[in-house]
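Q: So TrEMBL has the following annotated:
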DOMAIN    3-143  domain 'Aspartate/ornithine carbamoyltransferase carbamoyl-P binding'
BINDING   50, 51, 100, 130, 133, 260, 261  carbamoyl phosphate binding site
BINDING   78, 164, 219  L-aspartate binding site
DOMAIN    152-297  domain 'Aspartate/ornithine carbamoyltransferase Asp/Orn-binding'
Ligand code: CP
């Protein structure tokens, strides 16, 4: 596989192999150096903290030379296209590109135009896919709950319509055989394009939380939202915010995840985000290991 564009259709064995390798990296095994002499560029046309920094660290830990492309100070400001930018970096010898773009399908479109031997990793395109987030979420879930995904009831809450994270999580959860997948959010923020096939859909968060093992909260993607989809943040929090009181409806050992960045006090309270059931910083920690596994598998 020359690129990583989506988890849709990725075989279970490949997902598990990446998670196994990432687990070794997460445990600190000394597996460095496999990308010595390889140049990797993080090519982000949208903001990022976690994905960009963790890819940078992951590539460095594997011994790669890492270039950080900053769109705001680049020649894209003079009108240079993403494809020309990528081709110029390819000409300098860059072999791996970690690309984030606001348009659905933009990374796949670039991948069709690169040289043989160049690898692209989708670091989030529009609402479509964020495959390394999906993988790091599965690694985090596996560490917390074990391999038996079929025993888990997983609830995804919030703005699924605009979320590439939710789509990649759904692809991975289905492939790994999650027992039950519930989705909860306001009608206006749930997709009607088949994304939720097979999920139990609800608009009542209290009912949806009953007996779940895992709660995956999503950020309100206001940058991708039409005006008026959410009446007010206070209303949203009242109806769909995860509070400590609400979380008591889940199983006592339920875990809470969120891909970040968090809108504190909107989709989740401080008490839950920073509480004992939260895996949010564990997700971030695992992001480095998963990205090491992905870079190694494509470029090593
Ligand atoms: N989870 C995630 O993609 O975070 P960033 O936007 O900060 O990379």
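Placement of Cβ uses the backbone N, Cα and C atoms for every residue, glycine included.
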Q: For the domain 'Aspartate/ornithine carbamoyltransferase Asp/Orn-binding' (152-297), what are the DSSP-based totals of helix, strand and coil residues?
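A: Per-class counts: 57 helix, 24 strand, 65 coil.
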Q: In Å, rounded, how far does the Cα of residue 100 (carbamoyl phosphate binding site) sit from the Cα of residue 219 (L-aspartate binding site)?
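A: If we compare the Cα positions of residue 100 (carbamoyl phosphate binding site) and residue 219 (L-aspartate binding site), the gap is 18 Å.
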Q: Enumerate the residues of the same chain, 50, 51, 100, 130, 133, 260, 261 excluded, that satisfy the criterion Cβ within 8 A of the mean position of the Cβ atoms of the recorded carbamoyl phosphate site; list them in sequence order.
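A: Along the chain, the qualifying residues are 48, 49, 123, 124, 165, 259, 287.
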Q: Which chain-mates of residue 51 (carbamoyl phosphate binding site) that are at least 6 residues away have a CB under 8 A from its CB, listed by sequence?
A: 98, 100, 123, 124, 130, 132, 133, 287
Q: Using DSSP, how many residues of the domain 'Aspartate/ornithine carbamoyltransferase carbamoyl-P binding' (3-143) fall into helix, strand and coil, respectively?
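A: Tallied per class, the domain 'Aspartate/ornithine carbamoyltransferase carbamoyl-P binding' (3-143) gives 63 helix, 29 strand, 49 coil.
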Q: Quick one: Cα separation, residue 78 (L-aspartate binding site) versus residue 50 (carbamoyl phosphate binding site), in Å?
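A: Between the Cα atoms of residue 78 (L-aspartate binding site) and residue 50 (carbamoyl phosphate binding site), the distance comes to 28 Å.
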Q: Between residue 50 (carbamoyl phosphate binding site) and residue 164 (L-aspartate binding site), find the distance joining the two CA atoms and give it rounded to the nearest Å.
A: 15
